[in-house]
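Read through the structure below, which is laid out as structure tokens, and then see the notes.
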Amino acid sequence: MPRSGEETPLLRNENERLMANSRRSYASPCPSTSEINVDPRDLRNGIEDHNINILDDSHSSNEGNVRTDHNNHAQIEPEHVLKAGFESLDYEVSDNLIYQKEEKDKSSRTLTLHWREVQRWIICCVIGVLTGLTAGIIDFGVEKVSGIKFKSVKDLVDKCVTDNCMYYPLLIWLAFNVGLVFIGAILTAYIEPVAAGSGIPQIKCYLNGVIEGPMIHSGAVIAAGVSQGRSTSLKLDFSIFKDFRSDREKRDFVSAGAAAGVAAAFGAPVGGVLFSLEEGASFWNQALVWRIFFSSMVSTMTLNIVQSYIKNHPWQLAYAGLINFGKFGDVDYQFVELFIVIVMGAIGGLLGALFNHINYKLTLFRMRFVQRRWQRVIEVIMVAAYTAAFAYILIFFGHDCLPLVENRESILVQSFCKDGEFSSSARLFFDTPEATVKNLFHSNPGTYRPLTLFIFAAGYFFLACWTYGLSVPSGLFIPSLLVGSAWGRIVGILLSMVSKDNGWVNLSFYSLVGASAMLGGIVRMTISLTVIIMEATSDVPLGLPVMISLIVAKWVGDQFNEGIYDIHIHVQGVPMLGWEPLPVSSNLSATSVMSHPVSVFRSVETVERIVQILKEESHNGFPVVMNYDPHSQSVEEQGCLETFGTFRGLILRSQLIMMLKKKVRP
């Protein structure tokens, strides 16, 4: 083991590729005179006096305003400063002599390379199977619990209409809602706060290269665990897939998991791949596309098989995804209707921008005033109670009765209707949201009154806006589709009312366009959503109006704000690397954003100094330089900049820790 005063090589014999293309001085803005006179670091006892494990803690540097040197007046304002507490993943391969030797040894064994590739496909298959199974179990549980709740409330409503006890069904509905969300809120607020929301912002951050807490997106969680062959939370290590225990490999499998999750939800394997590409992955190649598509396909097929057993039709593969939009059949539309689609896309963009703005302000309010855990739980209970109250009031006052028909899929409530009739407004709430979307798409003309749909859409709009960001797992896809399909159906009804020849008006068509526009206006995705909706509807001709509505909704919405997921990422202060640099960066140099003094290592460094810097600094990467003496009292200056040597490369904290643990000698 190297003793204190002995030197350990950091970049000795390093590949020339690690050196800068041109020699650069590692410098920071000119400090004051007192800052320049830095005392030399004293050498103390050997490394035996230190606990190496405490050096392995990862922290980020302190946040603060970043300003330029004296000759540059540009500055970064406080709103552009990112929060502390975030670290980047190591997606780049550490190309050193040890890595090159290991890869050379493996490449000489062709069987090893083939087996590694086979393992990648095996992992993707397992990810797909487990994601499909998880989706099937969740769907089964939701249907059973929802069925019990709605059946209980329905029986009480029908009974209490004549017994004058209408408050009793409301209390039961409130008890179901509050009791179920209370469990989720307690688990989220007190055990795993990161479980709040949809998990998509975390996926975007992770695939962008940011460590943003554990992921809650089911497919991504499964992929992250399976690909590593271990569970850090359960402290289990199965000693498999060790070749893939790197951020680079894990990133690719998480992309496959995210795609598999979307594919299972909508029965859209291609849409899942495009979702992972458009909304998540920052790194892409052809081989990865094939593996992700394979994982999505396996996930969809697995869910199909599981649902065939749940529906008592074993091996009848007719249940593609959790969300079933139903068959639209021959939905014809005329060229002139595309102009209406454009207008609906603009409406979706405006409503989406309004939704995102309200949710943004509400999120800021939560961050400031709803900080305690019990406050978060109370807020969740309030939303659950308001949801039940809103639904019950609409049913109570909505006397839109229709002749009773045989319906095996929905629970039909008589409410105040005559015998042989049912309340169509109650049908909007006495079913799962997924089934309600399907009903809005395919219900016959005259099923819902425009006023009922308007109240439903407006109320659900604000409830969905209030819900997203609560301390409970929640999503946006289905609420957005519900709101959009409701106001889209209103558009169709109004067109049929003002048109003399309303035979060309298809309510299913306008309901679908409204749903697409609303979803696109909130999340601002185009390509993947178009394919997802086409696969979910099994209707390719509808792709054109859906595409137009999504593109227009995104264009209009982008004039006001960003998509909801990007807004939440920025609110959290996550250092998300966008496709283009911010305009403020055009007038800044690298020295403008550097901390002072710069902590650097020489190519050959003492163990004592390595340990000391690792204890004092929280950075996870350090520049390796030449022509620098840490014990010199003098400071080399170039112009107004203090220099810390000439840059040769970068070394990670994890690599330094490993060198110390393995007792590397020169």
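Glycine is treated like the rest: Cβ placed from N, Cα and C.
Record features, source TrEMBL:
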type	residues	note
COMPBIAS	22-36	compositional bias 'Polar residues'
REGION	22-41	region 'Disordered'
TRANSMEM	118-142	transmembrane segment
TRANSMEM	170-191	transmembrane segment
TRANSMEM	253-276	transmembrane segment
TRANSMEM	288-310	transmembrane segment
TRANSMEM	335-356	transmembrane segment
TRANSMEM	377-397	transmembrane segment
TRANSMEM	451-469	transmembrane segment
TRANSMEM	476-497	transmembrane segment
TRANSMEM	509-533	transmembrane segment
- Query: If you count Cβ pairs under 8 Å, which stretch among 118-142, 170-191, 288-310, 335-356, 451-469 touches the transmembrane segment (377-397) the most?
  - Reply: 170-191
- Query: Between the transmembrane segment (476-497) and the transmembrane segment (335-356), are there at least three Cβ pairs closer than 8 Å, leaving out pairs fewer than 6 positions apart?
  - Reply: yes
- Item | Segment-segment contact (the transmembrane segment (288-310); the transmembrane segment (118-142)) at 3 or more Cβ pairs under 8 Å | yes
- Message: Contact between the transmembrane segment (118-142) and the transmembrane segment (253-276) is defined here as three or more C-beta pairs under 8 Å separated by at least 6 residues; is that satisfied?
- Response: yes
- Item | Surrounding residues of the transmembrane segment (170-191) on its own chain - C-beta under 8 Å, 6+ positions past either end | 145, 149, 152-153, 156, 373-374, 376-377, 380-381, 383-385, 387-389, 391-392, 470-473
- Same-chain residues near the transmembrane segment (118-142), Cβ under 8 Å, at least 6 residues beyond its ends: 218-219, 222-223, 226-227, 241, 243-244, 253, 256-257, 260-261, 264-265, 291-292, 294-307, 310, 322, 432
